[in-house]
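**Q** Relevant sequence annotations retrieved from TrEMBL are reproduced here:
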type	residues	note
BINDING	Gly107, Glu108, Ser109, Gly110, Ala111, Gly112, Lys113, Thr114	ATP binding site
COMPBIAS	1029-1043	compositional bias 'Polar residues'
COMPBIAS	1049-1064	compositional bias 'Basic and acidic residues'
DOMAIN	9-702	domain 'Myosin motor'
DOMAIN	860-951	domain 'SH2'
REGION	585-607	region 'Actin-binding'
REGION	791-813	region 'Disordered'
REGION	969-1064	region 'Disordered'
Amino acid sequence: MDNPDVPIGQTNDLATLGNLDEKILLGELKYRYNHDKIYTYVGDILVAINPFRDLGICGQKHAEMYKNKIRVDNPPHIFAVSDAAYQSMLTGSAVSGKKNQCVVISGESGAGKTESTKFIIKQVIELCKGKSQLEQQILQVNPLLEAFGNAQTTMNDNSSRFGKYIQLKFKDGKVMGAKISEYLLEKSRVVFQNKGEENFHIFYYMLAGLTPEQQKKYKMQAADKYNYLTNGPSSAKTKQTKMKDMLAELSNAMDLVGFLDEEQDEMYSVLAATLMMGQIQLDANEDDAAFIKGSDQAVSAVAELIGINDEELKQVLTFNLSSARGDVFQRNYTKHQALDARDAMTKTLYGRLFSWIVNKVNQLLAPELSLHVSDTTEIGILDIFGFEQFQTNSFEQMCINLANEQLQYFFNQHIFLLEQEEYKNEGIDWTYVPFVNNQSLLDLFLAKPIGVLGLLDEECLFPKATDHTFVEKLNQNFARNHHFIKAKNATSNNFSIDHYAGRVEYTANLFLEKNRDTLPSKVMQMLRTSTNDLVSQIFRGTVTRTGTLALQSRRRRTRKSARPKLGTRATVKKMTVGAQFKNSLSVLMELLNLSNPHFVRCIKPNTSKAAKLFEDKFVTAQLRYTGMLETTRIRRLGYALRPQFADFVRRYKVLARSAKLSEDKHGCVKILKTVGLTDWHVGKTKLFLKYYHQDQLEEHMQKLGRSAMHIQKIVRGFLARCRYKARVKKAQQQKDEMNAFLLQLAKMSLDQQHKLSKVMQGDKKIPKSFFESIRRGDKVIKIEAPAVQIRQDANQKGDKESSEEEGDDDDEDDEIIEDEFVRIKQNLFGKEGTRQASVHWFKATQSMAARDKMGTFATWFHGIITRRRAEDLLADEPIGSFLIRVSESRFGYSLSLKSEGRCKHFMIDLTPTGKYIVVGEMPVFKDLQGLVKFYQMKPISAFGDVLKQPCGQAENELDYAELLADRKDKRGSGVPSSLIKKMKDKGMEDNEEGFYSPDGYSLGSPQDSRQGKPPRPVSEASYLYVDPSNGNEGPQISKMSRNSARRSAVRENKSGIRRGSMDK
């Protein structure tokens, strides 16, 4: 496979180069980069260089190119990594036999890891033919989390300030759910940003995109007024249009994923309060006691936004209460302590909000509860913060760089260490390839009890410890460690560490505070009792050992025997941030080691974040510290594929062209010799193959598959023709038998008539009653029909049933494959896919929602009609004509559109929040009218079609009549007049659609009363419905929450469902 004579830049795989050194490696990558070839293989590892511009190589055209293809058939691409991971998941890895896969994307900050992650997920969804709502939700997770977890830094305009591991769960190749694990959000960025950097994106989105009414509601100020946006005001102004569009995309993503409108409203309130916290000014009096100076308006705004008492907020920011021997003491904060308390509350508020968002996403995208773990496989994608080296490097940079050290060790372990150990154990003749092992550097950080993190945790236990005493301990314990370099100035809080990617100087200021991450108990108690449901929920949750948020409803309960007895204290040691991060890294490594890895090495071409600029020195440094030259050598000389004998035979035995094949080394050798592969070795228990052998084997498998399909096609055609001839002959035989039977029947009938006429003429004494009995049918002449008649009747019945089954397919919307995911199935309308269930569903949830503001159905609205009927209605209409019909095959709608040459059908689904979306498209709409208006202006992206002219009802026809409840049926079955009277007594008035409140206001809930809230307007009113079958209690009026009402979660047609509100 060596290609020594290939011109520079023309090889797709650097491992095939005969002569290779650092200069040649750099020259190849530079030439390819300058010719917009940003992807290059090193064996089975992909090198991706960030182009800092859109090259147009990741669209639908390229997605199709890399579907189920052999790697060498196309140029290197990120989509090929997705395909390799997906195919390995389906068949099992050729290296390890593992079905779970992981894609590890590494590189320094700004190298393009986040974009690579999005492309990989996009292509995996494409490979499993993903057009369902679940898959669209998964695609929206990345931009959603980017808004809250990414920010502009000096190294990267869209830098991930947290790490994430996305696990896509599959069953039989179809995605069934997803889970996201978050790592170490940089909360300190909320209150402070280095020069030239910005706060999290979401704040700029809000400042640019919220309407004036919303900004007034959330008490927003101008960008240059906020103290927490020290470097951001200019960005908010220069990127106004872009930020506004980004907020619209974010809102659409939250709608699609499943965040309720109320939840989004509460999120914006928390975010606005987070910014407003920085407006609270603190000063100190003569006694050095802190007090709030001229910030009453800011305090009141924060208190109102997050639902707390403003006086209580002032107290927790300026002093703390402690008790001793029954006495309570007030300890006033200094100005510095008060500022720390303010910032600590702000950071915790934002950090818990972010964790709640991840938690919410995981709940919405979780697989069905009925899905067993053993039935699923997964592909994990790791997008973790890149190696960082700033002018000032703090605690966060140390943790980030530690994570990168761990990933580098994982890479070294799989590419160098384990592989070369296997050669030795299996008796393979091998010349050792040296590499830089960073195990000793990991020990410097993680060793117990004397490691950097261990010493930091120990120092946090001492009340009088300082950042300087921590640095002194480091200097004492690691003076002889060659990775650790102490500062020349003994009074300095700085120290340096030689990482695999270079030396980094850290400033230990605030290390202890950031590691403790404490919040006064009074602040926690205040936020737990907040009247803002979201704030109360996130502060009632607990933080796990890995630093994630566990909400109360999902917490694991301890056994009674494990609980402390009454009167005793349970001492619970709060884990530090460093300890949580260490645990999270350990869990992550366990997940990665249980999967078959695919590596993507991202390279940053320059420090200016500029397109078409390749800095040789900068790129060379990255190639060195990632060990790219050594990686290329081991991939060229080594054996990347090492399957067990039995696994290899089971996978490729068809290539041996032998009926019997032993699952040992002899069977393996026979397969390899039959195919004609060279340069392989047989070990004691495994086969050792080059990385390119898998492509060659798969190519033979595909050729064999194509040949098999060709043979099957010919055989099926031959069998079909044979069956056809037999059926024609049989049909002719049946026809002849039937004709003979009919002739016999006619002859017998004539004979009987002739005999009867003779009797009547010759015998006048036959009683009259004889003829009357014949007319009544008391006496019947029986004639045996031939056996063929029975067979023909049976065949006719079978043909009828088959025809009905084909007719049912007309209701299936197979333009886009449907694979709707629901975490817990709660179908209260009957069996989905039946007409009756669809009618129940529509009456219960869509009867009013599908109408316009005037209460009427639009011209384009149709009832439950088949696909074929829709096409008939559109047949004589111009191109662009359309209609929307209620689906029978599922709970949703179908959009039928006349296009050039044919009709197209699109599924319209309801999101978890009760909004509408065309499956396969991103925009989400509050109603069908909004959906139609949008696609009358903008084309449906998948096909470029625009809705033009609505197609109405056929003449003298109303195909949605069955969806309209008649007067008798409106209040359900068996609703007594006493209950109707009771509803009227409550102030409800009756019209053709049900009951409503004449003043347009709802009865405030007990919670509203406690909070002093006024009655809510009718737009927020509850849904009332009658349940006539409520056990032994008889019919009852039921009231739903406004959240449930908005989700249209009113159930069962037998309940007389009413939209309305109760008079206060």
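Please read every residue number as a count from 1 along the shown chain.
In case you wondered, yes, glycine gets a Cβ from its N, Cα and C as well.
Keep in mind that TrEMBL annotations are predicted by a computer and have not been checked by a curator.
What you see is a predicted model, and the numbers here were worked out from it, not measured in a lab.
Tell me about the setting of these features in this model.
**A** In the three-state DSSP scheme, Lys113 (ATP binding site) is classed as helix. Less than 8 angstroms from the CB of Lys113 (ATP binding site) sit Ile105, Ser106, Gly107, Ser160, Asp383, Ile384, Gly386, Cys602, each of them six or more residues away in the same chain.
Sequence-distant contacts of the region 'Actin-binding' (585-607) (same chain, six or more residues past either end, CB-CB distance under 8 Å): 29, 33, 42, 44-52, 78, 81, 84-85, 88, 93, 95-96, 98-113, 116, 120, 155, 165, 167, 181, 183, 378, 380, 382, 386, 402-403, 406, 410-411, 414-415, 546, 613-615, 618-619, 622-623, 626, 628.
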**Q** Report, as a single number, how many Cβ atoms besides its own are within 10 Å of the Cβ of Ser109 (ATP binding site).
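**A** Summing over all protein chains shown, Ser109 (ATP binding site) has 21 other Cβ atoms within 10 Å.
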**Q** When DSSP states are folded down to helix, strand and coil, where does Glu108 (ATP binding site) land?
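**A** Going by the DSSP assignment, Glu108 (ATP binding site) belongs to neither helix nor strand, so it counts as coil.
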**Q** Check each residue in the chain of Gly110 (ATP binding site) that is at least six apart in sequence and keep those whose C-beta is under 8 Å from its C-beta; list them in sequence order.
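**A** When sequence neighbours closer than 6 are ignored, Gly110 (ATP binding site) has Asn50, Met155, Asn156, Ser159, Gly386, Lys604, Lys609 within Cβ distance under 8 Å.
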**Q** Check each residue in the chain of Glu108 (ATP binding site) that is at least six apart in sequence and keep those whose C-beta is under 8 Å from its C-beta; list them in sequence order.
**A** Met155, Gly386, Phe387, Glu388, Ala501, Lys604, Gln622
**Q** Give me the count of other Cβ atoms within 10 A of the Cβ belonging to Gly107 (ATP binding site).
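**A** Summing over all protein chains shown, Gly107 (ATP binding site) has 23 other Cβ atoms within 10 Å.
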**Q** Setting Gly107, Glu108, Ser109, Gly110, Ala111, Gly112, Lys113, Thr114 aside, what same-chain residues sit with their Cβ within 8 Å of the center of the Cβ atoms that define the ATP site, listed in sequence order?
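**A** Residues close to the ATP site, other than Gly107, Glu108, Ser109, Gly110, Ala111, Gly112, Lys113, Thr114: Asn50, Asn156, Gly386, Cys602, Lys604.
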**Q** Treating G and I as helix alongside H, and B as strand alongside E, what does DSSP give for the domain 'SH2' (860-951) in helix, strand and coil?
**A** 18 helix, 32 strand, 42 coil
**Q** Count up the helix, strand and coil residues in the region 'Actin-binding' (585-607) according to DSSP, in that order.
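**A** For the region 'Actin-binding' (585-607), the helix, strand and coil counts are 9 helix, 8 strand, 6 coil.
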**Q** Within 10 Å of the Cβ of Ala111 (ATP binding site), how many other Cβ atoms can be counted across all chains shown?
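**A** Result for Ala111 (ATP binding site): 24 neighbouring Cβ atoms inside 10 Å.
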